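Below: one structure, written as structure tokens.
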Amino acid sequence: MKHTTLFSLTDKQGIKRLGFLNCRLFWIGLTLKIVLSFFFAGEFLKNSFIPFVVYFFDSGFDSPYVYFQEIGDNDAFPYPPMMLYFLGFLGGFASNISPFFIRIPLLLSDIGILIILNRLLKNQSVKLLKYYWLSPVLIYISYIHGQLDAVPILFLFVSAYLLFNKERVKSSVFLGLGVAAKTNLLLVIPFFLLYIYKNNNEKKVTKFLVPCLVLILTFLIVNVPFTESKQFINMVYGNSEQSKIWNAVIPMLGELRFYIIPSIYLILLATASRFKRISNDLLLIFIGFSFAILLIFIPPQPGWYFWILPFFVYFAIRENKFSFLPILVLQGAFLAYFALIEDSDFFSAFLYSQNDFTIYKKLEVFDSGTVNLIQGLALTFLQTCLLLNVYWIYKWGIKRNLEKKIKNKPFLIGIGGDSGVGKSTLTELLTNLFGSENMTIIRGDDMHRWERGHDKWDEITHLSPKANHLYTDIRHLKSLKNGKNIRRRFYDHGSGKFTDQRKVYSNKILVFEGLHPFYISAKRDLFDLKVFVEPEEDLRLHWKISRDVLKRDYTKEKVIKQLQLREADSNKYIRSQASFSDIKVTFYTLNEIASIGNGVDVDLALRIEIENNVDVNELLEHLSPISSIEINHEYATHNQVIDAKGHITSDDIKNAVDAFIGDYDEFVEAAKFVNGLNGFLQLFLIYCIVYNVKHGN
Ligand SMILES: Nc1ncnc2c1ncn2[C@@H]1O[C@H](COP(=O)(O)OP(=O)(O)O)[C@@H](O)[C@H]1O
Ligand SMILES: O=C(COP(=O)(O)O)[C@H](O)[C@H](O)COP(=O)(O)O
């Protein structure tokens, strides 16, 4: 499998990643943005940012922060040095020739954000091109008005993408570079650290501290060349933009002020900390939500909408129930408001005319009260649209995530069945499905009361509840389900001995496999999904004898004797649990087994019995064109039965999973699907899990 980087053109399966390059909308947008870059530039860009960046190069890299403060332009470039380097070296050095050159880094940032959104959204190119790439507001911000917010947002998305791919240190470097491009990104750091902490099962401090140190170091290295000048500190960290965050106040007693924005931000952080896990979606929703909240309480600068629209579009595409209309209306309200303000540059930004026309000037026919009312109504409409978008994102994004079991707290799967039925094999299939870093396995055999060879095994079988510490399992599973780690001994089938107690970490997915998962009601009620494995008896005997002889140092005769001694307990304590299961897995052979226990592989078929709540019809229709596998689906009295014979490839399984898993895909993002009926079993297990969670069964 090829290793692929973030911006490589194809993914691990060699599938073209940059599908949007084939879309005409991309090239229309690119052409429009390039043309606009030659003909439009707002006051800030023309009279401050460009001269500032050009001075840095023309002066032989003297500090422009010092020079511009000395000439009295104290807010010329309220950005830390990373913004200066990124803009300057990628084209800004020539921007005194044309403002197009300082748009090159903005265009690269724009395309970079598009690529990452496309990766995160699994190639939703057309929607992304329509609602992100061709967003009238984002085009106005970068290519007409000329704000620079695309740059820090690129660093933010690169950092988030690396974080989602477990590249914590690289992610911290890019977040540090982002903060060193625009300090607003400081707001994101607590959410990033929460994400790392919540998704770090072992809660190892190093997994948390190292990213923090790397982030701080990156930020300092970028800033160090300028930090000795107070002009730099004044312009970048003491500018009027930052102070706006303190303007939203509620006067209290005397000089006391209640600061609205810090209060809301702390509430957001507290809400995020309530989640046991923070999914990738949730992190991006929280970030966009936080920036949006800040915008509600501060009269907006045009560029700040670059801090929310990419997140709103991401969210609207992810939550396909969410309409794009609120985002489109919000953009309309944005354009209306910024067309009506006194220093609107909708017309004056055009470089090749002295046109200083503004709608505000036309409004001067009215009295000032009417003009203020019109502007106030425009701002009220804009902020109301923003509020509605924020509400819907909370309702469909954050609140729903709180309700989603599989994303917000550990999901506990039980796998039961007699000895040799295939519990461990099925558990391995789940490990391939969810990834070992997302899944913790707990084995029932650890709670046997005695080790192999103990005299007690002459009086009682392993299948008896009396031979196992079943109530310890209940305590352990409850702790793990509540996100707590436990200490537990293990039973080593290689030696037949118990190990010392070891730490067992809670995780997104917990799998308990053993003889008695569903025997005690207090235990079986803990499971979110109950799977019972019961192959046809001849096949089980073949599997059990072959394995115990090959891997557990038994003789065939001893295994057969053990099976005979266990028959009564198996019926009484093990097979009786099948009725409590949500899914029953039955492998069976198509031909008679020539020599039971001789270790050879046999041709298998698979029968899956599922409770009737799960609608599998759409999935089976999706699989029906695959000729290599024969699938039969029948409804029985209390459940439904799916019989599968033949072969199916892991690619077919992956395509079906992608088609039906939707916004739970982050749990199968690193999935290794296997060929054959075991892959078919993986598909049905993840389908049932997601179906039950989505429909609250
Ligand atoms: N789905 C399967 N496909 C092929 N072989 C299987 C499958 N499940 C079990 N086996 C065979 O049966 C043997 C016992 O399976 P195992 O998973 O160890 O059972 P258990 O954990 O229930 O005791 C395995 O060594 C393997 O050879
Ligand atoms: O019944 C089982 C369960 O294990 P599994 O379900 O994996 O077969 C085993 O026979 C006992 O745990 C004893 O194990 P051993 O015979 O190794 O001492």
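Glycine is treated like the rest: Cβ placed from N, Cα and C.
Proximity of distant same-chain residues to the transmembrane segment (21-41), defined by a Cβ-Cβ separation under 8 Å and at least 6 residues beyond the stretch ends, is recorded for 50, 98-100, 103, 107, 110, 125-126, 129-130, 133-134, 139, 142-146, 349-352. Under the heading transmembrane segment, TrEMBL lists 21-41 (among others).
Annotation source TrEMBL lists transmembrane segment at 84-117 (among others).
If you look up TrEMBL, you'll see 137-162 (among others) marked as transmembrane segment.
The transmembrane segment annotation in TrEMBL covers 174-196 (among others).
Per TrEMBL, the feature transmembrane segment maps to 208-226 (among others).
Summarising the annotation, TrEMBL assigns transmembrane segment to 246-270 (among others).
Residues 120, 156, 160, 163, 184, 187-188, 191-192, 195, 244-245, 247-248, 260-261, 264-265, 268, 272, 275, 304-305, 307-308, 310-312, 314-315, 383, 386-387, 389-390, 393-394, 397-398, 401, 407 of the same chain sit 6 or more residues outside the transmembrane segment (282-298) yet have a Cβ under 8 Å from a Cβ within it. Residues annotated as transmembrane segment in TrEMBL: 282-298 (among others).
Positions annotated as transmembrane segment by TrEMBL: 304-320 (among others).
Taken from TrEMBL, the feature transmembrane segment applies to 327-353 (among others).
The transmembrane segment annotation in TrEMBL covers 373-394 (among others).
Residues or ranges marked as domain 'Phosphoribulokinase/uridine kinase' by TrEMBL: 412-590.
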Which of 174-196, 246-270, 304-320, 327-353, 373-394 contacts the transmembrane segment (84-117) most, counting Cβ pairs under 8 Å: 304-320
Averaged pLDDT, computed only over the residues in the domain 'Phosphoribulokinase/uridine kinase' (412-590): 96
Candidate ranges 246-270, 304-320, 327-353 - greatest C-beta contact count to the transmembrane segment (174-196) (under 8 angstroms): 246-270
